[in-house]
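Here is the structure we will look at.
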């Protein structure tokens with residue numbers, strides 16, 4: 001505390017020049033004693049606080065400086081929740097025009113702003129306005145400490161909107177371009193803290209922060225790079241911001257792609273996350289690939305860092321949504337590492353993104369389909385199908401449903417014994433899992449050359465295909481009923497004597513179909529629909545793959561007209577089946 005003591009002693013030489021009142025002289029004497037024993041005393045109450053406060057309100061500049069220095073040193077060592085009585089004199093000092101006092105007062109306030117309760121009280125007491133004024137000054141040390149204090153204040157959610165609307169964002173943005181690295185770090189850190197809500201992000205964009213953040217991606221300082229990449233990643237969460245970025249920041253993607261090769265792991269991770277968020281939009285999905293993002297991503301998903309793996313697999317998942325990227329992703333060598341990530345049982349999220357990416361790649365070209373099967377993806381998904389979290393099962397079942405849509409894939413799936421996984425998955429209590437598995441199963445019953453796998457799985461595992469058909473027919477859920485009826489219709493039209501025999505001689509299935517016909521007929525009659533007029537099933541596209549029907553039914557649950565259409569479709573299929581059986 002030598003600085004403060006020295007200041008007190010210097011001031012005593014100027015007594016004749018600088019007036020000191022008796023109570024100020026007493027406060028100086030007491031404070032010098034307190035400072036000698038500072039480790040055992042509480043400077044936030046009682047005598048020490050009273051002595052400091054007396055000096056703050058003095059007209060003597062040296063005494064004010066001494067008080068500011070004392071507050072700075074004490075708060076650096078002892079940080080805890082304090083009262084208004086402590087903050088008030090510091091806020092008074094903050095309004096001083098003296099640079100020494102400004103530096104120390106900002107430092108003291110920033111130290112106390114580490115405490116969560118103090119953060120709220122400082123803002124409530126009007127601390128933002130003097131801090132903003134100090135940021136707009138010319139003294140680098142003052143700027144640095146003022147910005148640092150606002151950075152701390154902005155970590156409390158209650159303060160974020162108040163800061164965003166206080167006028168602080170424009171000077172913070174300006175200071176982010178400072179030539180002084182400490183000021184730049186604090187300013188970009190403060191801007192980052194303002195990106196955690198949509199409203200504040202909008203204020204930040206309107207304050208002109210985005211071009212500054214993008215320009216600072218080229219900074220040589222890893223902390224500044226980290227703050228800027230993270231801030232931009234958060235800003236890119238909002239669709240409106242992504243559109244604005246696409247219009248105004250043509251170099252953003254190339255800069256972020258370059259940062260995926262940063263020596264700093266956290267910069268690398270945040271750059272990848274920023275690209276993932278941007279890749280929510282179609283245009284960015286293409287641009288990231290054009291900018292050379294794939295080689296970086298294929299390396300990152302094979303790294304040893306879980307955050308890097310998660311960020312990169314989430315990014316490639318979004319990029320793989322665009323059909324034009326599918327072949328390029330396969331050619332870049334993503335299939336083997338993606339299949340390997342399916343074993344990443346410590347991270348459900350990584351598994352989900354990996355399966356989702358594989359699903360997007362599965363239904364592209366014949367070349368990609370062939371490589372997909374050769375990669376072992378189907379085998380691995382089958383292994384995980386019954387032994388993974390529901391979220392992963394949902395992605396796997398969706399992948400199977402997509403694969404089963406393509407006629408060229410059906411026999412390969414059957415040969416891979418996919419029915420051993422699909423049939424048990426139809427028992428899932430999760431409708432996405434059971435519905436996707438059932439849709440895949442139904443599609444595998446349609447337009448195939450070899451029905452041996454269907455026949456051998458008729459009553460096993462877990463009651464087999466027969467059990468699935470019965471359960472779904474009796475589910476009282478229109479989408480599931482439709483899947484079962486559609487599967488029965490496909491089997492009835494298989495031209496396979498054994499399959500047809502199994503259908504025709506299963507009284508439970510036939511009775512369920514007849515019951516469904518009666519139920520749907522009654523529904524239509526009650527709705528006033530003329531079944532004979534509208535029920536020309538010969539003209540309907542009932543032989544299309546089942547996913548389109550399934551999706552349509554899922555979407556048509558609110559409108560009475562759509563409900564009637566769904567009932568009519570179910571009725572038509574029952575009539576086709578019964579016509580065949582008769």
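Placed from the backbone N, Cα and C atoms, the Cβ positions cover glycine too.
As recorded in Swiss-Prot, the features of this protein are as follows:
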{"type": "LIPID", "residues": "2", "note": "N-myristoyl glycine"}
{"type": "LIPID", "residues": "4", "note": "S-palmitoyl cysteine"}
{"type": "LIPID", "residues": "5", "note": "S-palmitoyl cysteine"}
{"type": "LIPID", "residues": "7", "note": "S-palmitoyl cysteine"}
{"type": "REPEAT", "residues": "37-74", "note": "repeat 'ARM 1'"}
{"type": "REPEAT", "residues": "116-155", "note": "repeat 'ARM 3'"}
{"type": "REPEAT", "residues": "239-280", "note": "repeat 'ARM 6'"}
{"type": "REPEAT", "residues": "282-321", "note": "repeat 'ARM 7'"}
{"type": "REPEAT", "residues": "407-446", "note": "repeat 'ARM 9'"}
{"type": "REGION", "residues": "528-561", "note": "region 'Disordered'"}
{"type": "COMPBIAS", "residues": "536-549", "note": "compositional bias 'Basic and acidic residues'"}
{"type": "COMPBIAS", "residues": "550-561", "note": "compositional bias 'Polar residues'"}
Could you pull out which residues elsewhere in the chain have a CB under 8 Å from any CB of the repeat 'ARM 6' (239-280), counting only those six or more residues past its ends? 201-202, 205, 210-211, 214, 217-218, 222, 225-226, 229-230, 232-233, 287-288, 291-293, 296-297, 300, 305, 307-308, 311-312, 314-315, 318-319, 321
Contacting positions for the repeat 'ARM 7' (282-321) when only residues 6+ beyond its ends and CB under 8 Å are counted: 242, 246, 253-254, 257, 260-261, 265, 268-270, 272-273, 275-276, 328-329, 332-334, 337-338, 340-341, 344, 346-347, 349-350, 353-354, 356-357, 360-361
In the repeat 'ARM 7' (282-321), how many residues does DSSP call helix, how many strand, and how many coil? 31 helix, 0 strand, 9 coil
Restricting to the repeat 'ARM 6' (239-280), report the mean pLDDT as a whole number. 97
